[in-house]
Amino acid sequence: MVAGKRTGAAKGSRHNKKYWRKGTNIDDIEDSIHIKSRQAATGGVISEMKDEDLFIVDRTATANKPVVPKLTKKQQAALEKITKNITQEHVTLPKPSTTSKILKKPAKLPRGNAILALKKGPKAAAPAAKKKNFDVWTTDLTPKIPKSKLENQEAAEHFLKVVKKKQPKTPGKSITSLLPAVQIAEGGASYNPESAEYQEYVAKIAGEEQKLIDHEAKIKAGIEPQWEKVTTEHERFLEMAEGLRIHPKYGKDDEEEEEAGNSEKSMKTGGEAEPKSQRVECDRMTKEQKKKKAKAQKLDKEEKRRLEEKAKEQDSHNVYRTKQLHKELDEEEKQRHEESEVRKKEKLINKLTKRQQLGKGKFVDAEDPFLLQEELTGNLRQLKPQGHVLDDRMKSLQRRNMLPIGGDKEKRRIKNRLKSKVVEKRSAKNIVKGSRVI
């Protein structure tokens, strides 16, 4: 313990009355006296001044005065009840017992400005803004980048990621066809169609059926011979049963004379008939024809030479028109490029709208279902079912190039003409000087 220094116990307790004068801070008292003297010198002590000297009441009328709505009967009765409770004398209530576990606070009644606000009535509600019709298909849902972020691409990317507006990268979808997945049937195929639509629909199906019948008749007519009569089995049997029959045009005597004449001729020639040699005649050209031919050949040669000279002269002149030639070539190249772009578009459209050969089979479209006039019932209970959903789905997938069509397997074709291969046998090799056995 250091000598000459008093401890806390020796100083005395701070809770006693003797410590009040010892523990007072003189600096706070001096500051308050200084502030009061300064206020008195400038205009007066603020704590001693009245409210009228300190504040000014603004009594000018406001431009937009709030509209005070009229109170209903219920609101007027409630307001009178509240004002009556306020004007009544205050009654002291006994202090609640501390033994109760739950202390309930009394409801606070409106006082002062709250009563004036109730007299004025509730504020007029602002007109609610009408909600705009939101259309998913026409509204542009792409995220908008603020103008402050447009200058920096990294800031824009970061903004979209933080705001959760940037969509994740997804693999591209391959579109196989632009055709609709489900084809809606025409009005004439209904169970209760209109007369005009039904007639048009049935006429179209009848026309397709007539085309098929005509095609089959054409094939059948092409198989049968046109100018010959095909003999049936019964006609062939009758012909064989008749035996040998001589035509009435030829008689027996004529045939015997012809046979005798032929035998005499063969005896004279010694049994061999020499064929007669026919004289071959060839037309010779006259002198005038030869002169005309030579003159025509000479004119052809001169014309050919003249055209060659003209082509050479034109090539020599092309040196001085290089700009025009370049321009013509550029225009030709531009036109060729435009034509190629058009071909590419047509090719893409055909690929997405037409059938492709995905299998060995051939695509045959399903027949359109139809009902006869006596089968039209007018209600679904008595309707005769036609077609099948699975058949429609199968045809739809094949039409949209999503399913191959099976067919006969292609047979392996063997070449008729085989390649010749030269093979030199060891026993037939030529032995020359310097050869050795391997």
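For all residues, glycine too, the Cβ spot is worked out from N, Cα and C.
Quick look at what Swiss-Prot lists:
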{"type": "COMPBIAS", "residues": "12-21", "note": "compositional bias 'Basic residues'"}
{"type": "COMPBIAS", "residues": "265-288", "note": "compositional bias 'Basic and acidic residues'"}
{"type": "COMPBIAS", "residues": "297-318", "note": "compositional bias 'Basic and acidic residues'"}
{"type": "COMPBIAS", "residues": "325-346", "note": "compositional bias 'Basic and acidic residues'"}
{"type": "REGION", "residues": "1-23", "note": "region 'Disordered'"}
{"type": "REGION", "residues": "247-346", "note": "region 'Disordered'"}
Counts of helix, strand and coil residues, the compositional bias 'Basic and acidic residues' (297-318), according to DSSP: 22 helix, 0 strand, 0 coil
Intrachain residues whose Cβ lies under 8 Å of the compositional bias 'Basic residues' (12-21), provided they are six or more past its termini: none
Helix-strand-coil residue split for the compositional bias 'Basic residues' (12-21), DSSP-based: 3 helix, 0 strand, 7 coil
